[in-house]
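Quick look at what TrEMBL annotates:
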- Asp22, Leu23, Asn24, Arg42, His65, Leu66, Gly67, Arg68, Arg124, Arg161: substrate binding site (BINDING)
- Arg42, Arg124, Arg161: (2R)-3-phosphoglycerate binding site (BINDING)
- Lys211, Gly299, Glu330, Gly356, Gly357, Asp358, Ser359: ATP binding site (BINDING)
Amino acid sequence: MRTLSDLLSEGVRGRRVLVRADLNVPLATDDAGVRRITDDGRIRAVLPTLTVLQEAGAKVVVCSHLGRPKGAPEPKFTLAPVAARLAELLDRPVAYATDTVGESAREVVGGLAAGEVALLENLRFNPGETSKDDAERGAFAAELASLAEAYVDDAFGAAHRKHASVYDVPKLLPHVAGGLIVRELEVLKQLTDDPARPYAVVLGGAKVSDKLAVINALLPKVDRLLIGGGMCFTFLAAQGHEVGGSLLETEQIGTCEDLLAAAGDKIVLPVDVVVGNDFSDDAATETVSADAIPAGQKGLDIGPESVKLFAGELAGARTVFWNGPMGVFEYRPYAAGTRGVAEAVAAVDGMSVVGGGDSAAAVRVLGLDETAFGHISTGGGASLEYLEGKTLPGIAALED
Ligand SMILES: Nc1ncnc2c1ncn2[C@@H]1O[C@H](COP(=O)(O)OP(=O)(O)O)[C@@H](O)[C@H]1O
Ligand SMILES: O=C(OP(=O)(O)O)[C@H](O)COP(=O)(O)O
């Protein structure tokens, strides 16, 4: 795989370089209705790559997705707040294009001088970015590639997506991996090459169907799989429990039954759950047994007994990977499970890795000491698919 130093040695002064970053940062709407970034970790993670290109005199054209818009512009998913934050962090202007490959993009890119940076609007405002149709994806990739003369992929968090900007563009431009991707792979490799045992994985979060898909391949590789967050309710339903209005993948209940049967005692589920109905800092909540979730309530955090159970499992582990918050930690009444598990992961005597946009954000937003973790990865789904042994489309494309 060629890297940034290969590209730099060829010289980039005055050349347009397209950088695919994962700037999919968490945002919240404040009281005045303004979208604000709650954690800028993913922007900071790509700064070294952008700075090195800029200092070498490249015309740097940055692109990213944000959230999951469905192929058309949606104001709440604009990258405008990210452009503003990027400019602050780089301490220089960032030219912001109001579309991805249209008139605004061409004008902004055409106006760049050597050493300047532009950010294109959300890739997923275009149906070609995520299309399953090779021709449609390829056509969008060609438009994107026409904006630049070289391509740097530093979007580790999106490396598991077969999307135009990560999979098809490298077929059209000289391409290299950025420093973030190189570093992420270096660390995760330590978890696939003979990890110290016991090896525990903690899974949570809200991307339930995506992440249920990795469990089957992951199970034989790990000694314990602790499941909380929105992930646990399909398993609790598979055990025959009522889960009320909690996140549930009804059509995956059968899969979860099979996984539980195959896992023996490897899968550990919460024994209590914090239920509520309100997403607010003063929501009324109740802690109930995991087999007694009231029909009208949503499970929005794991309870204190579950934190103790999970922490006990983690205390004995020598390698831990954690992806996915244990609850809706963005609101105070549902943050204790994530905090408790984060503290237990940080205390692991061995290698501890946290991965995922929201999990990494939780570590920082909840005020934990980042240095207590072996590594904080920008990729959740990408890391999991790497750990299960899959070839990531975005990495394979760079190796070609
Ligand atoms: N029980 C739950 N019900 C609904 N959402 C949940 C629950 N637990 C966690 N979440 C949500 O999961 C989101 C993060 O999920 P995900 O994107 O899978 O994690 P990551 O970005 O770390 O990979 C958070 O915004 C959090 O509010
Ligand atoms: O946030 C991301 O993944 P993650 O939640 O697994 O860390 C990446 O930006 C990928 O986003 P996607 O899962 O909408 O393709």
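Quick reminder: no glycine exception, Cβ is built from N, Cα and C everywhere.
It should be emphasised that the depicted structure is a prediction, and the values quoted were computed from it without experimental measurement.
Recorded features from TrEMBL, shown on the structure.
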residue: Asn24; record: substrate binding site; Cβ within 10 Å: 23
residue: His65; record: substrate binding site; Cβ within 10 Å: 27
residue: Arg124; record: substrate binding site; Cβ within 10 Å: 25
residue: Arg161; record: (2R)-3-phosphoglycerate binding site; Cβ within 10 Å: 21
residue: Lys211; record: ATP binding site; Cβ within 10 Å: 24
residue: Gly299; record: ATP binding site; Cβ within 10 Å: 30
residue: Gly356; record: ATP binding site; Cβ within 10 Å: 27
residue: Gly357; record: ATP binding site; Cβ within 10 Å: 23
residue: Asp358; record: ATP binding site; Cβ within 10 Å: 25
residue: Ser359; record: ATP binding site; Cβ within 10 Å: 27
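Summary for the binding-site residues Asp22, Glu330: the Cβ-based neighbour count within 10 Å is maximal at Asp22. Less than 8 angstroms from the CB of Gly67 (substrate binding site) sit Asn24, Lys76, Phe77, Asn122, Arg124, each of them six or more residues away in the same chain. Here the binding residues for ATP are Lys211, Gly299, Glu330, Gly356, Gly357, Asp358, Ser359. Their largest Cα to Cα distance works out to 22 Å. As a whole number, the greatest separation of Cα atoms within the substrate-binding residue list Asp22, Leu23, Asn24, Arg42, His65, Leu66, Gly67, Arg68, Arg124, Arg161 is 18 Å. Of all the binding-site residues in the record (Asp22, Arg42, His65, Arg161), the one with the smallest CA separation from Ser359 (ATP binding site) is Arg42. When Cα-Cα distances from Gly357 (ATP binding site) are compared across the binding-site residues Asp22, Arg42, His65, Arg161, the shortest belongs to Arg42. Proximity of the binding-site residues Asp22, Arg124, Arg161 to ligand 2, judged by a Cβ distance under 6 angstroms to any of its atoms, singles out Asp22, Arg161 in sequence order. Sequence-distant neighbours of Arg42 ((2R)-3-phosphoglycerate binding site) (same chain, six or more apart, CB under 8 Å from its CB) are Ala21, Asp22, Leu23, Asn24, Val25, Gly157, Gly357, Ala360, Thr378, listed in sequence order. Under the DSSP three-state reduction, Gly356 (ATP binding site) is assigned to coil, being neither helix nor strand. Within 8 Å of the Cβ centroid of the (2R)-3-phosphoglycerate site, not counting the listed residues Arg42, Arg124, Arg161, the chain contributes Asp22, Asn24, Ser64, His65, Leu66, Leu123, Ala155, Gly157, Ala158, His163.
Within 8 A of the CB centroid of the substrate site residues Asp22, Leu23, Asn24, Arg42, His65, Leu66, Gly67, Arg68, Arg124, Arg161, the other residues of that chain are Ser64, Asn122, Leu123, Gly157, Ala158. Largest CA to CA distance in the (2R)-3-phosphoglycerate binding set (Arg42, Arg124, Arg161): 18 Å, whole number. Screening the binding-site residues His65, Gly67, Ser359 for a C-beta under 6 A from any atom of ligand 1 leaves Ser359.
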